[in-house]
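Single-structure report; data block below.
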Amino acid sequence: MGAGHAHPLHLDHDSRVHRLPAEVKIVATLLFTIVVVITPREKFVAFAGYLLLLVGVLVVAKVPPGWLAKRATIELPFVLLAIALPFAGHGERVHWLGMSLSVDGLHGAWNIFAKGTLGVLASLLLAATTTARDLLLGLDRLRCPQVFTQIATFMLRYLDILADDARRMRVARLSRGYDPRFLWQVKAFAVGVGALFIRSYERGERVYLAMVARGYSGRLPRPEGTGATTADWVRSATLPIAAGVIALVAVLA
Amino acid sequence: MNGVAMHIANGIVNAQVSAIFAAIAAAALAICVWRGRADLDDRLAPMAGLVAAFIFAVQMLNFQVLPGVSGHLLGGTLAVVLVGPWVGALCVSTVLIIQCLLFADGGLTALGLNITNMAVVGTAAGYLLVAGLLRVLPKTPRGVAITAFVASVVSVVVASQAFVLEYALGGTTELNLTTIAGTMAAAHVLIGIGEGLIAAVTVATVARVRPDLVYALRRFRKTASPSPKPAVPAPAVGGAA
């Protein structure tokens with residue numbers, strides 16, 4: 001956990017998608033997701049088209065499909081909700097394998113499943129190809145208010161501090177022969193949480209004051225690069241534009 | 001971070017309602033940026049980051065409510081007590097934005113909904129209660145802890161009902177709304193109690209060890225700041241990077 005720039009979903013290698021500036025990737029992901037969400041749910045072909053587009057990005061970004069599929073399980077709670085809908089929905093019902101299913105619920109389930117999955121896959125591809133630092137830089141270049149980037153910068157730094165301190169305190173507790181894991185031992189956990197907060201704050205405060213002493217004024221220096229070029233914008237625009245064309249064709253057909 | 005944490009995903013609430021709530025969230029956050037900038041001094045900047053990180057970690061704790069509906073801690077009240085309402089709302093929304101972009105948690109188009117529920121409604125409810133209760137309760141670590149607990153329970157339930165409202169306006173599937181409202185409320189009372197305990201313990205510890213860091217206690221301490229560590233140096237002027 002040495003370098004604070006990676007995050008658990010980042011896939012550390014080089015590809016054409018990795019090299020794109022973060023701001024164009026954020027905008028492309030956002031536009032793509034919007035197109036997916038506004039597509040009427042009964043246009044099944046369009047969703048297949050979107051999936052193919054994402055497969056294309058996956059190939060260019062050299063992201064292993066298994067790696068992506070494993071992380072897409074974050075969506076599981078909503079898939080379970082989707083499975084419950086055909087049973088709980090109202091209106092016209094169909095009978096299939098002896099089960100009475102609501103048509104509206106089936107459509108709703110498909111809607112959540114398709115749009116949710118495509119959205120998660122798009123976000124995962126963004127996360128896999130962008131480091132936390134680049135993402136903040138991208139948000140900064142997109143004129144995101146400085147308060148946000150400042151809080152986010154500290155947050156990502158503190159996450160590592162919190163995790164490390166929590167691990168140290170756990171080891172210290174275990175090595176003293178105490179391992180609270182039942183409800184009536186919750187006090188140990190509670191006291192630990194408070195102590196963790198103060199410890200992390202005081203470590204982080206020292207780091208912050210050291211940063212201020214070295215000239216930090218709310219914004220990290222931007223060392224290299226001048227941001228996205230027109231070519232970068234054009235290259236990343238292919239994804240949302242292709243999705244838009246698919247949506248138009250599907251709606252008009 | 002293998003926890004299955006999930007905010008509202010894409011496609012749960014339809015596009016029009018998502019857009020309306022995105023606009024509401026943007027307007028509310030603009031006010032918070034405007035008011036929060038004055039608050040964000042040398043002491044609050046690292047605190048805001050830590051509170052955001054803490055909320056991030058705490059939101060990873062997920063409770064299965066029903067198959068498919070899980071609730072998690074929100075952290076809005078903790079933020080209100082430690083960094084104030086404006087910066088607090090910004091902290092929670094920063095968490096939500098980063099979770100959405102880097103951890104694929106919560107749909108990009110549902111970001112407005114998630115921010116409205118957790119950062120705006122949850123934090124506002126928490127703030128009103130904290131401000132009200134602290135007028136009555138003693139300004140001691142114990143008083144702040146009780147305040148944080150009560151405000152957490154209420155704000156979590158209120159935020160969960162905001163989701164019910166959004167679903168009523170633009171849910172993509174017709175479901176019985178009273179069932180959803182009841183289930184969400186019941187589940188979030190339990191979650192609120194869990195959240196309240198975490199918030200109360202954290203706030204009580206901070207109030208005992210570093211009372212100077214508790215925003216909610218600031219205005220009751222206008223004279224002679226009793227902070228044990230007042231040594232926050234003035235920002236370096238014109239330091240070379």
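Positions of Cβ are set from backbone N, Cα and C atoms, glycine also.
Feature annotation from TrEMBL assigns transmembrane segment to B:12-36 (among others). Counting residues 6+ beyond its ends, the transmembrane segment (B:12-36) has Cβ neighbours under 8 Å at 84-87, 89-90, 93, 107, 109-113, 115-116, 119-120, 166-167, 169-172 in the same chain.
Per TrEMBL, the feature transmembrane segment maps to B:48-66 (among others).
Sequence-remote contacts of a segment are chain residues at least 6 beyond its ends whose Cβ falls under 8 Å from one of its Cβ atoms, and for the transmembrane segment (B:78-104) they are 1, 5, 7, 25, 28-29, 31-33, 35-36, 39-40, 44, 47-48, 51-52, 54-56, 58-59, 111, 114-115, 118-120, 122-124, 126-127, 130, 144, 147-148, 151-152, 198-199, 202-203, 206, 213-216. Positions annotated as transmembrane segment by TrEMBL: B:78-104 (among others).
According to TrEMBL, the feature transmembrane segment maps to B:116-137 (among others). Long-range neighbours of the transmembrane segment (B:116-137) within the same chain, counting only residues 6 or more positions beyond its ends whose Cβ lies under 8 Å from a Cβ of the stretch, are 7-8, 21, 24-25, 28-29, 74, 76-77, 79-81, 85, 88-90, 92-93, 96, 143-144, 146-148, 150-152, 154-156, 158-160, 162-163, 166, 216-217, 220.
Taken from TrEMBL, the feature transmembrane segment applies to B:144-165 (among others).
The annotation transmembrane segment is assigned in TrEMBL to B:185-209 (among others).
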